[in-house]
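The feature domain 'Major facilitator superfamily (MFS) profile' is assigned by TrEMBL to 33-474. Under the heading transmembrane segment, TrEMBL lists 36-58, 70-89, 101-120, 132-153, 165-190, 202-222, 256-276, 296-317, 329-348, 392-412, 424-446, 452-472.
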Amino acid sequence: MASIGSWWRVVQNEKDRSSGLESDFEYRERWITIRLVYVSGFLMFLSFGVVTTGLWPYLQDMDPTVGKPFLSVVFAAPPAGQLIFSPLIGWCSNRLSSIRVPFVILTALFVFGNGLYSVVELFPTPHRRYVLLLARFVFGISTSINTLSRAYISTATKLSERTGAISMSSLAQTFGLAVGPIIQAALSTIGKEGLMWYGLRINMYTMAGWICAALGVVYILFLKPSCFVHRTIAAQEAMKTTGFSKATDTYEPLKMFSIWTVMIGYSVLMFFYVSVQTALSPISLDQFGWSHEESLYYLGILITGGTLCSCAVFLLLPQLCKRFQEHNVFLFFAIVPLFISQVVMIPMGSKSIPMLDSSNNRSTGVGGGGGCPIEQEWCNSIPPINQYQLTISYTMLCISFSVGIAISQTILSKLLGTRPQGNWMALYTSIGGLTRIIGPASVVVYVRFGTYWLFGLGAMISGLLLIWMWCYKSHLRTTKKINHAEEMQRMANGVAE
């Protein structure tokens with residue numbers, strides 16, 4: 001209880017105070033700012049969760065002639081905005097003495113994007129789809145704030161604090177993603193007709209945008225100079241440890257092989273997570289013969305359980321990294337579960353996949369359900385995936401993703417050292433944006449070639465990544481090397497407990 005109270009009061013402990021790196025007042029300012037940075041991640045992912053749930057029906061209401069191909073473009077707009085602008089934001093962060101002004105500007109874009117999303121109806125019908133596309137693109141630009149957040153946390157935390165800070169940042173994002181659909185479900189009581197207020201329609205879709213915009217305005221108020229104080233400590237810690245008097249003297253040569261190994265591992269993790277999330281709906285409709293209502297209900301339970309699992313992992317990760325070295329955590333708790341998640345989904349058995357009635361023209365992902373469409377000929381020769389396979393696979397994937405995104409960022413920041421990390425964190429963020437654009441292509445593989453190809457390729461790629469990481473895991477080491485037998489004994493003890 002004392003540690004929880006200390007966390008809320010932002011009190012420096014005696015060990016930190018004795019280091020002499022900062023006063024109690026500076027410590028408090030630094031951690032208040034770090035926690036404000038956490039909130040930015042929560043806001044971005046909250047908006048993504050609350051808006052994405054109702055995006056397709058809202059788009060149809062605004063323009064009944066729009067088709068699903070344009071919906072794919074709208075879904076790709078936010079990651080495209082992030083992909084394009086993250087490098088610019090990262091470049092700027094390396095050259096500014098404070099990230100407060102960019103934070104205010106990007107949050108203002110967040111408010112504008114969500115506000116524009118809510119007033120699409122004010123525009124002529126032929127233009128509404130493009131206004132909505134612009135709103136989502138502007139929102140994507142605002143999510144470049146994640147680049148600033150990652151770069152700042154890397155320089156505003158000591159080595160001993162970094163894993164915990166990054167885990168809490170990831171937890172805030174996951175919590176926002178979980179709360180978003182709940183808010184949209186609650187707003188469904190308003191209905192799509194809603195009411196008119198000063199010429200603006202307030203309904204279940206527009207209210208979601210207004211809530212996010214209002215939260216963005218409140219957040220900007222907390223970004224005033226007295227609350228958001230840019231403080232760094234990583235360079236000071238390095239100078240005290242090494243005895244150098246200049247921060248630039250503490251820069252170590254970049255280990256490019258190690259850095260790109262982390263980047264590749266992160267990109268593969270992100271790609272598979274996005275791919276499986278995209279394919280969940282068509283898989284459940286085809287493989288289990290569920291209706292759309294059953295699919296929404298059961299997948300809602302599965303995704304909620306996965307989100308809770310992710311939250312638990314983020315909370316436990318700092319303690320896990322105290323017992324095991326971070327490169328081993330990345331290998332055994334991120335890459336291995338990823339491989340398991342793909343292998344488990346390979347179909348087995350002799351049962352047949354339920355097929356749609358030949359008189360029904362519905363097809364996967366277009367509004368069908370209740371079985372595999374006859375157009376997917378592979379359904380006649382491949383056994384179905386069962387619910388247990390899907391549950392185990394998704395659980396493994398959530399563990400892999402949660403550990404992977406947090407620990408890969410931690411390892412990357414420590415490999416980069418005390419130098420400004422804006423450009424590298426921009427690249428890290430852009431990789432995430434790129435995988436969210438190309439990840440949905442997995443549905444094409446599923447529809448055309450089936451589950452053997454989809455998850456067989458997934459098992460092969462993740463297996464090659466596992467072998468690569470196993471062979472070169474020592475290159476990801478960020479702490480002093482310890483005896484191998486001692487490390488294995490610690491891991492064995494951890495498993496036994």
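Start at 1 and count along the chain as shown; that gives each residue its number.
Using N, Cα and C of the backbone, Cβ positions are placed for all residues, glycine too.
Long-range contacts of the transmembrane segment (36-58) within its own chain (CB-CB distance under 8 A, at least 6 residues past either end) are made by residues 71, 74-75, 78, 103, 107, 110, 114, 117, 132, 139, 142-143, 145-146, 149, 152-153, 168-170, 172-181, 183-185, 192, 204-205, 208-209, 211-212, 215-216, 219, 222-223, 227-228. Simply put, out of 70-89, 101-120, 165-190, 256-276, 392-412, 256-276 has the most Cβ pairs sitting under 8 Å from the transmembrane segment (452-472). Comparison of 132-153, 165-190, 202-222, 256-276, 392-412 by number of C-beta pairs under 8 angstroms to the transmembrane segment (424-446) places 256-276 first.
Of the ranges 70-89, 165-190, 256-276, 296-317, the one with the most Cβ pairs under 8 Å to the transmembrane segment (329-348) is 256-276. Below 8 A, the CB atoms of the transmembrane segment (296-317) and the transmembrane segment (165-190) form 3+ pairs separated by six or more positions in the chain. Proximity of distant same-chain residues to the transmembrane segment (165-190), defined by a Cβ-Cβ separation under 8 Å and at least 6 residues beyond the stretch ends, is recorded for 34, 37-39, 41-54, 149-150, 153, 157, 202-204, 207-208, 211, 300, 304, 307-308, 310-311, 314-315, 317-318, 402, 405-406, 409-410, 413. Just going by CB pairs under 8 A, the stretch in 70-89, 101-120, 132-153, 256-276, 392-412 that sits most against the transmembrane segment (202-222) is 101-120. Segment contact holds for the transmembrane segment (256-276) and the transmembrane segment (392-412), given three or more CB pairs below 8 angstroms at sequence separation of 6 or more.
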